[in-house]
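Trainee: Just dropping this structure here.
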Amino acid sequence: MSGNDYLKIWHYAQLGITLFFIVVIAIWETVHTIQLSAFVITVGIFFVLFLMGDFVKRKPQWLTIIMDWLKAIVQPIALILVWAIVTRQIIVHTGLAVRGVISLSFIIYIIMFIPFAGTVAKHFTNPISRIIFLLYWFYIILFMPRFVFPPRYAGPMIYQWMIESGFIFSLALFLLVVVAMRTWHLSWPGIAPRYQEGTRWWIVLLLILIPLIYISLISVTPDYQEVLHKLMTFNFHELGINKLFLLTALRAGISEEVIFRFGLIGVLLGALKNHRGRIAWSLLISSLIFGGMHLINLRLQPIGTTLLQVAFAFGLGLLFACVYLYTGQLWLTILFHFLVDFPSFVISHGIVSTATVSSASLITITILVLIFASPLWWLLVGKNRLVMQRHADHLSGTNQHFDYKMNF
């Protein structure tokens, strides 16, 4: 049996168990006249249709496409909904230790999207649909749990912060995207340094120094120096609310890099495989989407502040994309992303930007964007381009194996 066969078995078992819980939850909430019951029943009907559709071999092409899109949209919502309601009911009605229940539920959440990614995602061969669903899964898997499972149910404050920050959910997103990318025959994320012929160490050093210099400049404030001292001396109990900022920065580093660098760049490189300028276009498009994603902050910030953040994120995304494609290592960009966000959160005492629009801020952002974007131009010439090209081929599936078998 191949790895895909095991994922398919896991997927159908998960669908059956989820449908069972949906029925139980729907009956419970209908009896107790809870408003959510109609939504749960609707999701249950979709699940029945999904199961029936999978076992009907001859279907019109248009119906197959609709069913595939509905699965990709509805199944993550159903899984999260059932996970949240069942966990909450166990905590409220069984009297079991909250710490143990939450620990187990975190483990379940982290792995529960793996069979979904290995079976449903394979139906999407169009790069546009892949990008749409990567972004959709990003928002659903990271942010929906906080609405259906309020952090106050999680018991210890550190567990509440793991939910509020989204750190645990970012690990689930990481596994989902890794499995989806393998299903699409693209790549593994780089997690071990491997520098091949042609890689110039001074280029690697320069790519590392650019973000490190910026990080050192924003880390000179007394507030951050105090937090850094506590971290370096392992006084974690004195961090207070900064533990939440630490977890939030980790969530941002993991989730945003796995989507916007590993996911989007891989999909774009695969889609533009025969295009001469595929590297430049892939890096630019992924960075534009990364910057545009920050427009969601308009609900919390003034439009001027948000547009500054979008421009800064575009430049920073371009720098991280260059680091990722030249080194082939995702862990580097995750680390840099964390090191940029954590001091920013500590200094602003939250995740909302406190920057104001002025001539000085516009000039500063423009200079930073130009500095962050500069590696793109000198990495696309000469031997540097060959290194980028080699990693681009690897990240878009060239010379890779995408399955495994277990014989008994």
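Placed from the backbone N, Cα and C atoms, the Cβ positions cover glycine too.
Predicted automatically and left uncurated, TrEMBL annotations should be read as such.
As annotated by TrEMBL, domain 'CAAX prenyl protease 2/Lysostaphin resistance protein A-like' applies to 244-342. What TrEMBL records for 9-28, 34-52, 73-91, 97-119, 131-149, 161-180, 201-224, 244-272, 279-300, 306-327, 334-352, 358-380 is transmembrane segment.
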Trainee: List the helix, strand and coil residue totals of the domain 'CAAX prenyl protease 2/Lysostaphin resistance protein A-like' (244-342) as derived from DSSP.
Mentor: 88 helix, 0 strand, 11 coil
Trainee: Over the span of the domain 'CAAX prenyl protease 2/Lysostaphin resistance protein A-like' (244-342), how high is the average pLDDT in this prediction?
Mentor: 91
Trainee: Mind checking which residues reach the transmembrane segment (279-300)? Cβ under 8 Å, same chain, six or more beyond either end.
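Mentor: Those are 131, 135, 256, 260-261, 264-265, 268-269, 272, 306, 309-311, 313-315, 317-318, 321-322, 325, 352-353, 376, 380, 385, 388-389, 392, in sequence order.
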Trainee: Test of understanding: applying the rule of at least three C-beta pairs under 8 Å (pairs 6 or more apart in sequence), is the transmembrane segment (97-119) touching the transmembrane segment (244-272)?
Mentor: no
Trainee: Could you pull out which residues elsewhere in the chain have a CB under 8 Å from any CB of the transmembrane segment (306-327), counting only those six or more residues past its ends?
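Mentor: For the transmembrane segment (306-327), the list is 190, 193, 195, 199, 203-204, 207-208, 210-211, 257, 260-262, 265, 279, 282-284, 286-288, 290-295, 297-298, 333, 336-337, 340, 353, 355, 357, 361-362, 365-366, 368-373, 375-376, 379, 384, 387-388, 391-392, 395.
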Trainee: For the transmembrane segment (334-352), name the stretch out of 9-28, 97-119, 131-149, 161-180, 201-224 with the most CB-CB pairs under 8 Å.
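Mentor: By the under-8 Å Cβ criterion, the transmembrane segment (334-352) pairs most with 201-224.
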